[in-house]
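Annotated features in TrEMBL:
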DOMAIN    35-194  domain 'Peptidase metallopeptidase'
BINDING   GLU131  Ca(2+) 1 binding site
BINDING   HIS149, HIS153, HIS159, MET167  Zn(2+) 2 binding site
REPEAT    229-267  repeat 'Hemopexin'
REPEAT    275-323  repeat 'Hemopexin'
Amino acid sequence: MAAAAALIAALLGLLHAQTSTGAKGKSQPGAAQRFLEKYGYFESVHQVPDLAGFPDAINGTLDAITLHHMSLPRCGVNDAESHTAWKNRMDALFSGGKVRKSRRKRYLHQRGALAHAFFPRRGEAHFDNDERWSLDSGKGRNLFVVMAHEIGHTLGLEHSPVSNALMSPYYKKLGKGFVLNWDDVLAIQNLYDMEDNLYIFKGKYYWIVSKGESAAGPYLLQAKWPGLPSAIDATAFSEKDRKFYFFKGGRCWRYKGSSLEVGFPQKCSLTGDLPRHPDAALFFQPLHQLVLFKGPKYYVVNEETLQVEPYYPRSLKDWGGVPALANGVVTHQDGFVYFFRNDQFWKFNPEKLEVVETGKWAARLRWLGCQDVSLNQAGA
């Protein structure tokens, strides 16, 4: 507590020192202090320019640019709360109604706040009735833009530092031809598109299987992941960094959503002893790391560096009955890992490290949703 009190005292001193030289110096420290309290910035002034989208002002001082952005109309959601956005789905229910003025004041009668929303599961959004709203680009605040932003919060999205993103905390005028920024698209895909869907890959195509439904597709790999080759050897989706890893020959591609990361594809020769043409790839929960399979061996891989971890590769015998040359592997919601080779499957228990069942996948694994597809590779 003493350390926290000292930090706040020092910050208040900084506010006074940095703002007292302005033409309106008497009022600026109080306004800046209220802004920092309201939007959760007492931890660090550095976050203000970061979310405002101006990278040149990151030294923690309250200069004219930072103070200007503090006065702009913006979302009323605390930015500290925004960064702890919930990661689970919610059922959306939209309804109209009046909110008691005392309750509305609590969220909206703060200078500069246009609207405020709650994260899941509550899913409420409050709008300032004293603002002048419009449904087009005419006079007043654009209700569509503000509402879309607040609905983003109710779906679980946090504030974005990208200045022209819908989820930027600061209000902006957007025309009728407005389309979502790539940052907004990737954010919602990361929350909802990847969680419950099973992705099945074969050659240059992929299928999507939603829970209890048949496989949708085929779709071209290159349509969703531009820059990929026409066919791949293996793929895995990491539950740790929420990224797709594709392997073909001696190269690796890494995607965040549908965007290829800078520096990729990388050659396996540059990242250590990664195998060329791996048979299959898996994010293995007990290790919380990527695992590549090649012939009678397996490799545990560091995702950040793509280096093979020390003491690997090791013999596939560690996997208690998993066959060599498996051409597909997936972790199912039941907690088991399923290996595939041609028309056969092997059900692997990750706790006992042994195969507990095997058979024809088309007849036994209805959850794959693709009995008419010659499965070559599976991933989630």
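The backbone N, Cα and C atoms fix where each Cβ goes, glycine too.
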- Query: How big is the gap, in Å, between the Cα of HIS153 (Zn(2+) 2 binding site) and that of GLU131 (Ca(2+) 1 binding site), rounded to a whole number?
  - Reply: 20
- Could you count the residues of the repeat 'Hemopexin' (229-267) that DSSP puts in helix, in strand and in coil? 0 helix, 19 strand, 20 coil
- Cβ neighbour count within 10 Å of HIS159 (Zn(2+) 2 binding site): 26
- Confidence over the repeat 'Hemopexin' (275-323), expressed as mean pLDDT on the 0 to 100 scale, is 92
- Item | DSSP-derived structure type at MET167 (Zn(2+) 2 binding site), helix or strand or else coil | coil
- Enter the number of other CB atoms within 10 angstroms of the CB of GLU131 (Ca(2+) 1 binding site). 15
- Ten-angstrom check, please: count other Cβ atoms within 10 Å of the Cβ of HIS153 (Zn(2+) 2 binding site), all chains counted. 26
- Item | Cβ neighbours of HIS149 (Zn(2+) 2 binding site) where a neighbour is any other Cβ within 10 Å | 26
- Note on the structure: According to DSSP, HIS149 (Zn(2+) 2 binding site) sits in helix
